Amino acid sequence: PTTEKCFLGLVIGCVGWILTMATAGYNEWRLWYIEDVSVVTSGVAWVGVWRVCFYSHTLPDSESCQPIGIADPFVPVEISVAQVVIMVAVITGLLGNILGAYAVRNIYFGQKTHDFIRLMFSGAGGLYVLTGVSFLVPLAWNVKSVLTNQTVAFPPEFHLPPAPLRQEVGGAIWMGVGASIFLIFGGLLFLCYRYVIRASGENDKDPLHEPPIRLKSILENGDKETRDNPAFQAEEDF
């Protein structure tokens with residue numbers, strides 16, 4: 001049914017939006033394998049969008065995790081783009097959730113016209129699809145940087161070399177891909193919304209679809225017709 005599909009689209013879109021925020025906060029966008037383990041004890045550094053972290057037995061925790069600002073000169077373009085897109089995606093995804101929830105609410109309570117509800121679903125679906133597709137751009141860009149082993153000129157306080165031995169795609173990338181898929185699928189369910197219009201005359205045969213005043217009239221007339229029925233009068237006389 002159309003109503004259940006719209007509710008499913010809202011749930012899927014909300015899950016995709018939550019995964020988008022989780023992806024933003026997850027550090028494992030890139031896994032850098034370091035040869036010198038004197039400082040980076042684990043030999044692996046987690047390069048995220050907002051910070052870089054690693055395990056170290058020689059440094060305090062405050063120095064083993066460094067933030068990455070959007071205005072930092074050493075930040076590569078793909079990470080700066082990811083920071084901007086993530087902030088925009090969180091806002092557009094939230095607006096999609098609001099419009100979608102409002103449209104689903106009006107399906108159940110019927111407080112707005114069908115055209116208005118369809119417009120709300122189209123807006124929410126468009127925002128979901130826009131968020132999902134745009135979020136794929138920085139994800140794909142960072143994957144390309146990992147596969148081509150691109151360098152990052154980290155400042156000395158990061159205690160990381162400009163180029164690792166090798167890089168791997170981190171779990172945050174795959175989480176982001178899943179978030180995009182959820183958002184796009186939820187948006188398509190919204191965009192496919194069509195209000196089911198009953199055939200003309202269908203409700204006339206079903207008194208339960210009549211307004212309360214009309215239903216009362218039907219019941220009274222039906223009771224009168226029953227009492228005027230000769231068979232009913234004969235049964236009463238008996």
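The backbone N, Cα and C atoms fix where each Cβ goes, and this holds for glycine too.
TrEMBL does not curate its annotations; it predicts them automatically.
Source: prediction; values computed, not measured.
Lifted from TrEMBL, the feature list:
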type     : residues : note
REGION   : 219-238  : region 'Disordered'
TRANSMEM : 7-26     : transmembrane segment
TRANSMEM : 81-104   : transmembrane segment
TRANSMEM : 116-141  : transmembrane segment
TRANSMEM : 172-196  : transmembrane segment
Intrachain neighbours beyond the transmembrane segment (81-104), with Cβ under 8 angstroms and 6 or more residues off its ends: 3, 6-7, 9-10, 13-14, 16-17, 20-21, 23-24, 29, 49-50, 68, 70, 117, 120-121, 123-125, 127-128, 130-131, 134-135, 137-139, 141-142, 183, 186-187, 190, 193
Same-chain residue ranges lying at least 6 outside the transmembrane segment (116-141) that approach it to Cβ under 8 Å: 6, 9, 13, 16-17, 20, 49, 78, 81-82, 85-86, 88-89, 92-93, 95-97, 99-100, 102-103, 106-107, 173, 176-177, 179-184, 186-191, 193-195
Sequence-remote partners of the transmembrane segment (172-196) [C-beta within less than 8 Å, at least six residues beyond its ends]: 2, 5-6, 8-17, 19-20, 22-23, 26-29, 48, 93, 96, 100, 103, 114, 117-118, 121-122, 124-133, 135-136, 139, 142-143
